[in-house]
Amino acid sequence: MSNKTIAFIGTGNMSYAIIGGMIKSGFAPQSIIATNRNEEKLAKVAADFNVRTTTNNITALKEADVIVLSVKPQMMAQLCDSLQTANVDLSNKLFVSVAAGITVARLQDMLGQPVKMVRCMPNTPSLLGLGVSGLFAQEISAEERDFVEQVFSSTGIATWVETEAKINDIIAVTGSSPAYFFLFMEAIEEKARTLGFDAEQARALVQQTALGAAEMAASQPEISISQLRANVTSKGGTTHAAVEHLKSHNLHTTVADAMDACISRAQQMEQEL
Ligand SMILES: NC(=O)C1=CN([C@@H]2O[C@H](COP(=O)(O)OP(=O)(O)OC[C@H]3O[C@@H](n4cnc5c(N)ncnc54)[C@H](O)[C@@H]3O)[C@@H](O)[C@H]2O)C=CC1
Ligand SMILES: O=C(O)[C@@H]1CCC=N1
């Protein structure tokens, strides 16, 4: 592993997941610094992963070679402003922003200088090493590119995109999409409860089925997903009845429209923040 030090500024759900994935894949805990304003959150990260923690963002900024900006988009301007006013030389630092809806140009503007910046759009399954991260960068060295790729491929699949606009598409396809799957699982779980399964059974039944379905797809890449679905669907049978109902209620269009809403929101945030 590289000997770079990486700091996560604003270690909440997303950075916790990335750090978890990094540790699981063998990154040295001492090369990772996690910051948060909230000491309790830091105590959990330290206890779970043994990484260095601090409530002082500037200490982390000074020590780290790579700084991951991981606060909510609405908090980013305030955070960058506080980093800028600390008078730390940022010219040799590499920044990585995981925030949705803030462009590189805007981040540089917030930091008050043209720092080296990678846009990254990860997702929370990174915690298990099952994440997907989209990456975009211009004007960084091959070594920096390799390091970022090493970090995010340690949490799952990392893929570079050619244009910054593509990061918004990645949000719709992988950044936000764990929530779509959870919503679908919630709907099945809720109906199982009304059919009389208790909470524990309903949860176990839905999660095992989701896991099984995902593993069926992942372990048999030669079989299309629609073929896997067809294999469950007997002609004139029960699955056919359910699937036809979903199709007649425009599931495909609804999902496509939802993904467009996700992209539009990211574009709107780019104007707002
Ligand atoms: N949660 C997700 O599934 C994904 C989130 N993202 C992006 O990741 C970023 C973080 O999202 P989450 O982790 O979900 O949010 P979060 O709210 O769980 O984590 C952010 C943390 O930053 C801390 N914080 C806020 N201001 C701070 C400051 N000035 N100094 C130190 N700590 C500070 C907060 O206490 C909080 O714990 C967002 O920009 C979001 O767009 C990207 C992909 C997926
Ligand atoms: O909901 C959000 O804005 C963030 C970005 C992708 C997932 N969560």
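Each residue, glycine too, has its Cβ placed from N, Cα and C.
THR11 (NADP(+) binding site) falls outside any helix or strand according to DSSP and counts as coil. Annotation comment: TrEMBL describes ILE9, GLY10, THR11, GLY12, ASN13, MET14 as NADP(+) binding site.
The Cβ of ASN57 (NADPH binding site) lies under 8 Å from the Cβ of ILE9, THR35, LEU79, SER82, LEU83, each of these being in the same chain and 6 or more residues away along the sequence. TrEMBL lists ASN57 with the feature NADPH binding site.
What TrEMBL lists as domain 'Pyrroline-5-carboxylate reductase catalytic N-terminal' is 5-101.
Residues annotated as domain 'Pyrroline-5-carboxylate reductase dimerisation' in TrEMBL: 164-269. Per DSSP, the domain 'Pyrroline-5-carboxylate reductase dimerisation' (164-269) is made up of 88 helix, 0 strand, 18 coil.
Packing around THR11 (NADP(+) binding site) is summarised by its Cβ count: 26 other Cβ atoms lie within 10 angstroms of its Cβ, all protein chains included. As a summary of secondary structure, the domain 'Pyrroline-5-carboxylate reductase catalytic N-terminal' (5-101) carries 45 helix, 19 strand, 33 coil according to DSSP. Using a 10 Å radius centred on the Cβ of GLY12 (NADP(+) binding site) and all shown protein chains, the other Cβ atoms total 15. Every protein chain considered, the tally of other Cβ atoms within 10 Å of the Cβ of ILE9 (NADP(+) binding site) stands at 24. Counting every protein chain shown, the Cβ of GLY10 (NADP(+) binding site) has 23 other Cβ atoms within 10 Å. Other than the site residues ILE9, GLY10, THR11, GLY12, ASN13, MET14, same-chain residues with C-beta atoms no more than 8 angstroms from the centre of those residues' C-beta atoms, the NADP(+) site, are PHE8, SER15, TYR16, ASN36, SER70, VAL71.
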